Every structure is written in C-alpha cells, then in structure tokens.
Amino acid sequence: MEIIFGRNKKEQLEPVRARVTGKIPAWLQGILLRNGPGMHTVGETRYNHWFDGLALLHSFTIRDGEVYYRSKYLRSDTYTANIEANRIVVSEFGTMAYPDPCKNIFSKAFSYLSHTIPDFTDNCLINIMRCGEDFYATTETNYIRKVNPQTLETLEKVDYRKYVAVNLATSHPHYDAAGNVLNVGTSIVDKGKTKYVIFKIPASVPGGRMEGPSPLKDAEVFCSIAARSLLSPSYYHSFGVTENYIVFLEQPFKLDILKMATAYLRGVSWASCLAFHGEDKTHIHVIDRRTRKPVPTKYYTGPMVVFHHVNAYEEDGCLLFDVIAYEDGSLYQLFYLANLNEDFEENSRLTSMPTLKRFVLPLHLDKNAEVGSNLIKLSSTTARALKEKDDQVYCQPELLHEGLELPRINYAHNGKPYRYVFAAGVQWSPIPTKIIKYDILTKSSLKWGEAHCWPAEPLFVPTPGAKDEDDGIILSAIVSTDPQKSPFLLVLDARTFTELARASVDVEMHLDIHGLFIPDAGWDLGKQAPSREEPARAAAGRAAPRT
C-alpha cells in the first residue's frame, strides 16, 4: 500500500512520449486532465488522511495516435506555504496544522482565532471543472484554482464567497447544453441561517466577450434550501439534475459546527467533527428548476451516505435517480493513512459495500391514495414510494448492483433516460481492481481487469456523430502495485469492453480521483503559451505531434 498511497510522487514537467501498443482511434484527439493527491509528507511532517495530500495534476495529450504524459503539483497557496516552511503549516480536513512554536504568544492567539471560523485550504485535489473557456482545479472548500490544461500551470485563485455566500461547495457541478454550470454549496450560519445554496455560473459573460471578466462574476443564487439543523449541516459530495428538477440529499452524515469551531483549540482535525447519525432519516429535497422552489411533497428514505450521484431523469410523472450508497460513513475512516497498511484488506471489510440504488419519486401526490400504498406504477423498477400522513412519502430503493464506485455515464444522457453506468469495480475493498460497464436494462455487466492493476475512474468519450449511448471509448489511468510494471493509459471500446490500446509511461503515476477530457482545440505540445517551463518544453517539443 505504501507504494500507492504513502509515497510522494515526482513531477514530470516535460512531456514524455508514451509507448503505445494497439491502435488509438484516429478521431480521439485532446487532453485527458486528471487530479488527485500526490504528496503526503512535507519535511518531517505527514498528513493523516489520503484525501489531504497535496494536489498533483497530470495529463495525457492524445494526438494522431500518439500520447504524451506530464504532471505537475498544483502551486496553491497551501503548497507554497508548506514547501517554504518544509512542514505542513496549512490545515486539511483530516490534518490540523499548527504555527511555528518559535512564534510569540500573540501570533499563536491570532491563529487560534482565525481557526474559529476556518479559512479553508486551496489545495484543490479532487476534480477539474470547466467554466466558460477556463478550467479550474476544485476541492470541497470555497476556493478553486484556475489552471492551464496544456502546461498544468497554476493560475489565479478564486474565492466563491466573492460571488455567492458559501463556505463549502461540491467538486461535482453539472453542465447544461449551453455550458452553464450548476453547483451546490453550504452557507454556514450566514445571517443566523445555515442553508444549502444552489448557484449558477453562466457559460460566458454577457455579450459573449471571450476576453475580460470571468463568468464567475455573473454567478447567481439559483435557489436555497434551509438546513434542518443550524449547527449540524449535512455533508454531501454531489447532487442530481433532470430537465426540470434538482435532487439534493440531506443525509445524516453531518458536520458539527460547534466542534469545528473549537477543533483547533482541542488539537483535533475537522474530520473528527463529521459523524454519521444512524438514527436519522435521509431527506430528499426536490427543487423545480422552472419555479426555483421546492416541490411541496416531503420525500425521505432510511439513513445512508452517498458520495456520488450517477444520473437522474423523469418518466411518466416520476423522478428517478440513481446513487452509489453506503450504510454508514465508515469509508472516510478507512482512508486515514494509518489504516492503509498491511491490515488494509481486513480493515476494508469493516466498511459497508457501495451499492448502486435506484430511487423513484412520484412528482404529483395522489391525495386520494391510501396511507401505506405504493405510489409507483412503473413496470421497469421495483423501487417503491409509500404514502404517509402530512404529504410525506417514504422511498424504498431498488438495489441494482453491488461493488461499484466512481460512476460515469455518457454525459449527453445526463438528466435524461439512460442505460449504461461505467464505474470502478471495488467489491469489499474500496480500491478499484476492475472497470465495469453495467447495463441497467438487462442487469448485466462487462468487466476489464488485469493482475496488479488499479484503474482510476473510467471516463466515457463518445465517437463523433454517435447515435448509440455506448458508441465511444473508455479512458482510465492505470497504476500498478508491481514495481516492474509501468503505469499506462487504457483505451477500451465502450461497447464491447475490449482493449483497443494502452499507452505506457515510465513515471511515478499517482492514483487520481476525478477529471475530464478536453477535445482537441488545435493544441501542440511544442507551441504552448510562454512560461517558466518553456526551455524544457522546447526541447521536448521536437518530438511532439504536429498540429
């Protein structure tokens, strides 16, 4: 486990040409840009949790059947401060950092006060978000960092709070057909209220200007949902959308704000203030996108923890949404580095199995239906919605498949009826060992796997002009637990799940989390924007593919 999780990875600043075996489809041109933790020790200090590691961006540039790889640490303020101090001095969610003990008492007192209402890290290690023509590395705080997808250079730091009042925000926004961004954040005790804020960022600034103000300056609050508890808001990682609705789960996995406010003084991490309350319900909030208001029906289900929504859509007066659900919050505990040791396999069995579940909600409540009756009449699912008193509906999911995580779909079907889920196969261990294509219609699956290989989140790229949902390819960055086996980019035929090609690179590739594919925009590795790295790139550029 140490070779994958605990060891710091080296940057690959100059593009290195991969060894391609098989044949990459000629139409596949662009950049696969990925993000994840790559540095877990700074000097003599060590992060407590794998999700705390410093963000390492990496990319695969695909051009004319050739692949070039590079990686670079996100030059966040957090990274800079830690490297300059040669120790961890900026707190992460699972690791509380402290000022230099040589500083005076007044400096220490100021640090204590500044942590009461935390100014969170800009170590944006989870995902990549597209906003207009710009790309941002994201995490779950109020900060995002603009990056150059060609050079992996870190650009300006953006604070969501300048545009919308949120202290936390998801790393899984949604995009509509026009490229507008929809996201959810938490506003903690703002003007005496804690609420979940759904906000919208336009694809471009008014007037269609390509240069000038960022679209973020025109961000607007789409709607908000009052948290059920002022001081214990729900943790969430993603949400769902359909053509007409937004689905938000207020789950009993909660942040204790009072404990967070005193965590620094008590010498504990903010993660210790996150707890699962198994006696509580999971409340399902549905927002009508046309009115920007919640629907009057109150939906709920049993206690669960959801990190990833898969998709949602409407059918015959019902709203269907699919999620990867856990029975409790133990998954987060497993990824403390102290647990990623020789006992990892045994420890992982203490976590609940990730399960693909389908929920179905009746959008229009039948006032004449009997209490206790099932309001779902769809023949395509066994999910139930039982009418209760006071316009409440208890939702019982259909269990579709066990052992899936990091789900992706053909995004052209986002918010619409769909059939296929592409995901990492994890079984009892949360470490992916296979890539799975699950067919919701036939309840069958196809799998790819290879000994000693850990695949990253599979990403679907459609064939140009494709009509079938699975007409395209799957891309996944594969790391190996065998030191003698080089990591590689895997290219699968999404329809048959047969391997088309792999691009191997002799680098220290890290296990990433999320990312996206950027279709070719005429970029060339040898003709990129000038930067401090230009001399190195110029040398590498002689071998770069032609535009």
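Residue positions begin at 1 at the first shown residue.
Glycine too: its Cβ is placed from the backbone N, Cα and C atoms.
Annotation source TrEMBL lists Fe cation binding site at H172, H237, H308, H514. Taken from TrEMBL, the feature compositional bias 'Low complexity' covers 537-547. The feature region 'Disordered' is assigned by TrEMBL to 528-547.
What TrEMBL annotates, mapped onto the structure for a quick look.
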residue	record	CB count, 10 Å
H172	Fe cation binding site	21
H237	Fe cation binding site	16
H308	Fe cation binding site	21
H514	Fe cation binding site	21
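Within 8 Å of the Cβ centroid of the Fe cation site, not counting the listed residues H172, H237, H308, H514, the chain contributes I126, N127, T170, S171, S238, F307, H309.
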